[in-house]
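**Student:** The structure under discussion is supplied below as structure tokens; questions concerning it will follow.
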Amino acid sequence: MESAKSAAALVEPCQTNSARRLTEDDSLRVSVLSEALPYIQRFSGRRIVIKYGGAAMAHANLQEAVFRDLALLVSVGVEPVVVHGGGPEINQWLERLEIPAKFRDGLRVTDADTMDVVEMVLVGRVNKQIVNGLNQLGAKAVGLSGSDGSLVEARPWGDGSHGLVGDVARVNTDVLEPILAKGYVPVISSVAATVEGCSHNINADTVAGEIAAALEAEKLILLTDTPGILLDRDDPSSLVHQLRLSEARQLIAEGVVAGGMTPKTECCIRALAQGVGAAHIIDGRVPHALLLEVFTDAGIGTMVVGRS
């Protein structure tokens, strides 16, 4: 009898502690959902263009987190549009095929052989991996390249010294509207053709920004390998959480924003100048960065807005 009481004494505190932990966990879940609710209501039915690339694409656990974030966005009525690059996999295939990878001014020098590999990897491999990942989670995804239906019309970039590197001349939203209207998620690779039919490799940030502007998207979100815009690039704690358009321009002019962050910030500036509601540069190395940025008060990266 005494041993039975002792056993009961051991079990009951465990049950009590377990119940307490469960209650705390439930409170946390309720808090998270309550914080997210106004954002869900605000962005339901709105379009968000997401540039997917970098570490978030290179690591399986981060890929899964991004796919789940996108599926959740769809489930609460948001209309995401995904634009992707695929630089690391392009480099792997160039090495495998013994084609030298060349860069100048931060851009890939793209000759005809390199362009063939870029198109093969982005359109034939990376795009389908993203589409399959989203479809498995119930988000109906459709794979496209900029060339499909002349969705994106390319023009040569700069003086042509980078080869088949392009810029966006025009976006044809007529391709995307029926896809979005049916509840599908467009997944777009950043390859597009000129009016003469010549394929060009375009920076995925640029494509995402121009598509966001053409769709009059609520948000443009760039997944990157940095916390966001830093006042001191060596100090993550110097993250700027929110900037006005004029302030972003000033940071570029002062050289605070430099290197690879410059084209990303300029992409955000162009999108905002064309009517996009807000542009975000966030750390794709953080699991579920998309949800943290869109559905929480604090966010996780830098948000650039066109007005105060």
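Glycine is no exception: its Cβ is also placed from the backbone N, Cα and C atoms.
Remember, it's a predicted structure, so these values are computed and weren't measured experimentally.
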**Student:** Which residue of Arg68, Arg104, Arg108 does Swiss-Prot report at the same substrate site as Gly86, Gly87, Asn201?
**Tutor:** Arg108
**Student:** C-alpha of Gly86 (substrate binding site) to C-alpha of Lys51 (site 'Transition state stabilizer'): distance in Å?
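**Tutor:** With distance taken Cα to Cα, Lys51 (site 'Transition state stabilizer') is 11 Å from Gly86 (substrate binding site).
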**Student:** Looking at the binding-site residues Gly86, Gly87, which sits with the largest number of other Cβ atoms within 10 Å of its Cβ?
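**Tutor:** Per the Cβ count within 10 Å, the most buried is Gly86.
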**Student:** About how far apart, in whole Å, are the alpha carbons (Cα) of Asn201 (substrate binding site) and Lys51 (site 'Transition state stabilizer')?
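**Tutor:** About 15 Å separates the two Cα atoms.
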**Student:** Given the substrate site residues Gly86, Gly87, Arg108, Asn201, which other residues of that chain have a Cβ within 8 Å of the mean position of their Cβ atoms, reported in sequence order?
**Tutor:** Gly85, Ile90, Val118, Val121, Leu122, Ser190, Ala204
